[in-house]
Amino acid sequence: MPIPKKLGLSFAAVILSVSVMSGVLWWALSRIESTTVKSAVAQEIYTHTLEMEDGIQRENSQMRGFLITLDEAYLKQYYSSREAEVEAAGKLDALLVDDPSARARVARSHENMQRWRRTIGDPLIRRARTDRDGAQTFVRNNSEQVRVTAVLQGLRDVRAEVVEQIAGIRAARNNALRTGQWSLLVGGVVLIGVATAMAMLLARSLGRPIVRLTGVMEELARGRNDVAVPDADRGDELGSMSRAVVVFREAAVAKAKSDAEQDQVVARIGEALGQLAHSDLTVKLTGFPASYGAIERDFNTAVSRLSAALAAVRVNAAGIASGTVEMNEAADDLARRAEQQAASIEETSAAMNEIAQSVTAAAAKAQSAENIVRKASSDVANSEDIVRRTVSAIGDIERSSSEIAEIIAVIDGLSFQTNLLALNAGVEAARAGDAGKGFAVVASEVRALAERSAEAARDISSRITTTVERVRSGVELASKTDESLRLIATGMGEIAGLVGAIAGSATEQATSIQQVNLAINDMDGVTQANAAMVEEVTAAVRALSGETRSLEEQINRFRVDGAAPAPVAPVVDMRRPATPSSAAPASAAPRRISRPVQGNLAVKADDDDWSSF
């Protein structure tokens with residue numbers, strides 16, 4: 001049987017026992033809970049019946065006390081007892097919903113008490129206030145009616161039934177509690193027994209085989225590959241594990257064999273690598289097991305290719321050595337011409353600087369002249385505006401003079417009319433005789449005054465006419481002046497435009513010359529940098545020559561198939577003597593390279609004339 005099935009059945013037995021015990025405990029607890037709830041309800045009903053009975057009896061006793069003493073304190077107790085009885089009746093009505101018989105008896109007691117209040121209690125209290133003796137006599141004569149024993153009978157029956165219910169509920173709860181205790185005891189014993197049996201069964205069927213298998217695996221881990229594996233014929237998971245351990249044991253045996261072969265291969269490869277470390281590239285691997293045949297082939301192929309590569313490098317190193325000599329000669333020629341070009345560009349730059357300064361000064365002077373012309377043009381424009389305003393003012397004077405002439409004409413007319421009136425007044429005064437003499441004198445004075453006014457108006461009119469003529473002449477002259485100023489302003493504007501164009505052209509020329517100067521300076525820097533780089537190239541070629549010689553020495557240490565170490569070429573001192581940049585003739589040309597160079601880095605000289613650079 002598989003291990004999961006065994007474990008499942010074992011735990012199923014335990015779970016079944018726990019489920020049975022849990023079911024019994026659940027029933028017992030549910031029973032206890034329900035009896036507890038019923039007991040609490042019964043206790044509440046019992047309490048409210050006592051409260052209702054107490055309220056009824058206190059209500060009766062407080063009514064009797066008032067009838068005897070007429071003390072209002074008894075009435076307060078009487079009414080409070082009534083409220084307590086009504087409240088208790090309401091609570092009992094709600095609690096006894098499931099018991100219609102008890103509910104009806106409580107309701108009947110409550111109705112009887114209300115009837116007692118209407119017919120006995122409340123009327124006797126009202127009567128006692130006016131006729132206490134009569135009320136007391138009524139109580140003595142009707143004692144059966146006054147007592148509330150009949151009212152209490154129903155409540156007492158209900159309370160007796162509740163007491164019986166409480167006793168039954170308590171007995172049922174005790175039974176449920178004992179059942180739960182016995183179920184815990186019995187269930188615990190059963191669970192312990194089942195667990196013990198399952199533990200023993202699992203230990204016998206699983207634990208011991210696992211211990212045996214663990215011991216075998218430890219032996220295999222120590223390197224004992226001849227140990228026997230138990231329980232390989234089982235049909236469960238332990239059998240599968242045992243069979244897997246058998247596979248591991250066989251794999252360990254195969255691994256031991258493979259390790260032995262690997263040690264042999266590693267030792268042989270170590271010897272071959274030692275020969276390689278001593279610069280022997282003729283080493284070969286042979287006699288490897290079939291499983292390591294690929295390593296043997298790859299190692300031999302790699303060594304053969306390395307030997308061929310070093311042979312080719314040896315040949316190419318010789319070519320590089322000869323090529324560096326030719327590169328150094330060409331670099332020397334290039335450095336001399338670069339120095340000459342740098343000197344020429346430096347002189348050109350100085351000359352362009354002087355030209356740029358001259359053009360810049362001319363542009364500044366042209367700009368100043370343009371500013372002067374523009375200021376003069378602005379002054380002419382201001383004068384033209386002043387002349388326009390003068391012409392406008394003279395025109396206003398002319399119009400004012402015309403208006404004054406019209407006013408003087410009106411004054412002259414008034415003087416004429418006044419003179420006529422004075423003449424008429426003199427005539428009428430003469431007709432009046434002596435009575436009009438005074439009026440005649442006044443008329444004579446008015447006439448004289450009118451004549452003087454007329455003469456003054458004629459004088460002013462003639463002067464204004466002269467002024468108007470002069471004003472018209474001034475207007476004509478101002479107009480001509482305005483026209484002349486306009487022509488002057490137009491000419492000044494054209495002059496300012498021409499001067500501005502000259503200044504702009506001078507500025508543009510200065511900017512262009514500056515740009516040319518900057519370009520020449522850049523060319524000078526580039527040429528200097530080229531000269532420096534040529535020096536660096538020469539130094540690099542010199543260093544390359546030394547490295548090439550070192551490379552040849554290193555390569556000649558190796559033994560390769562079918563080749564003997566080549567002689568190391570001597571190092572040629574390629575440093576050229578330092579000469580001034582202007583000492584080399586411009587027509588010097590490098591000598592022609594006619595010998596070809598073998599190798600990966602073959603340098604071929606060009607037939608071009610380097611002096612043109």
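Glycine is treated like the rest: Cβ placed from N, Cα and C.
What you see is a predicted model, and the numbers here were worked out from it, not measured in a lab.
Annotated range for coiled coil in TrEMBL, selecting from 76-103, 328-355, 468-495: 328-355.
Helix, strand and coil content of the domain 'HAMP' (260-311), in residues and according to DSSP, is 40 helix, 1 strand, 11 coil. Broken down by DSSP into helix, strand and coil, the domain 'HAMP' (204-257) contains 39 helix, 0 strand, 15 coil.
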